[in-house]
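Visitor: My structure is below; once you've seen it, I'll send some questions.
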Amino acid sequence: MNAGRLRIDSLTGLRFFAAIWVVLFHIRGNLQQEYPVAYRVVEPVIAYGEYGVDLFFALSGFVLALAYSERLGQRWSWKATGKFYWARFARIWPAYFFMLLFTAFWHLSFVWRDIADPVAPRDLSWGSFLRQALMIVLWTEPNSDRLTWNGAAWTVSAEMLAYLVFPAFALIVHRHVCQARARTLAAWTLLLILPLGIVAMRSGLYAPWMWVLRIACSFGAGYMAFFLMLRIRGRTWAKRWSGAFVGISLVGAFLWLSFCLGLGEHDRGNIVIVLFPFLLTALSIDREWIARLMELPAAQLGGKISYSIYLVHMPIIEILWYLQTYHKSTCSPDQPAAKIGFLLIPIVVTLAGYLLWRFIEEPARRMLKKVIS
């Protein structure tokens, strides 16, 4: 079951939509305040934008299975493992550290001016800076609330933990998944993701140590979903019904989330996370309009810069929140500046994300990869 030179462009495009989903989630309260009527229409989507994180985790497991499982899963190799770690570091750290420096300056500026920080981190110390710079800040913490100076960057620390264990995980699991039948792979995928859906329904996504379950279940299920895709992608029924599965799943999820919001039971909607790895499998096979939408050039570029979009979005949002706090005459709720500002946030963070990718993330990645080659 060799992945060969398999490319799955639809999943690259999906990364962009996942990033924007998270962006919209973080300004959901502002959008509701500025555009109450329009917000009610899209609330089932935006109110659950936190799922974009779990989708990213599943995508990460899927993509690493494609790129590295075969070379790391055959036998243990210190050289291959070292190259994997360096490639991940080169991909993740430069843009992350640049934004850490930016947010350090931003939050410290409130200390220097002796004014209240609208979104103050819980620990603004050298020790916290060092742990964030090493991307291990979350590993000893039960929750991520106000933990990272760049608000959403806790997920990077969670991803780094998954990267750390991935070579050993691939070595243990790869041979078994290569020999498994489709129904077995589907069962393993379900068994990996189902605990997250069940626990999240009961406890929510932010209970103590819930981040461990989110990364472990989503990443592991995404990994299994890749091999399920390899096993069934050539079958006629998979080609015929994958698009229908994607469409029906999205409509069903929207209706279920609408129902949960109507009942005031937000956490009951969390069970839809169980669909994510199977959606990745189906979308990888699908050739219908949803997959083609993800493969458009704009979506492909958006997918490439999605990590940078994710890194810049909270600092930009916090700047607007700061303006609302300290410049109320022009930026308070219901003012034109606030209405326009929050409406433009997805566009602004996309442009800023492109600049971060173009001038920091991608050049640094290429430079660091040359070091090891």
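The backbone N, Cα and C atoms fix where each Cβ goes, glycine too.
Just so you know, TrEMBL annotations never went through curation; they're auto-generated.
As listed in TrEMBL for this protein:
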- 9-352: domain 'Acyltransferase 3' (DOMAIN)
- 12-31: transmembrane segment (TRANSMEM)
- 51-68: transmembrane segment (TRANSMEM)
- 89-108: transmembrane segment (TRANSMEM)
- 152-173: transmembrane segment (TRANSMEM)
- 185-205: transmembrane segment (TRANSMEM)
- 211-230: transmembrane segment (TRANSMEM)
- 242-264: transmembrane segment (TRANSMEM)
- 270-286: transmembrane segment (TRANSMEM)
- 307-324: transmembrane segment (TRANSMEM)
- 336-360: transmembrane segment (TRANSMEM)
Visitor: Residues of the same chain, at least six outside the transmembrane segment (307-324), with any C-beta under 8 angstroms of its C-beta?
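Guide: Residues packing against the transmembrane segment (307-324) from afar: 15-16, 19-20, 22-23, 26-27, 56, 91-92, 95-96, 99, 102-103, 106, 118-119, 150-153, 155, 330-333, 337-338, 341-342, 345, 348-350, 352-354, 356-357, 360-361.
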Visitor: Does the structure show the transmembrane segment (270-286) and the transmembrane segment (185-205) touching, where I'm treating 3 or more Cβ pairs under 8 angstroms (sequence separation 6 or more) as a contact?
Guide: yes
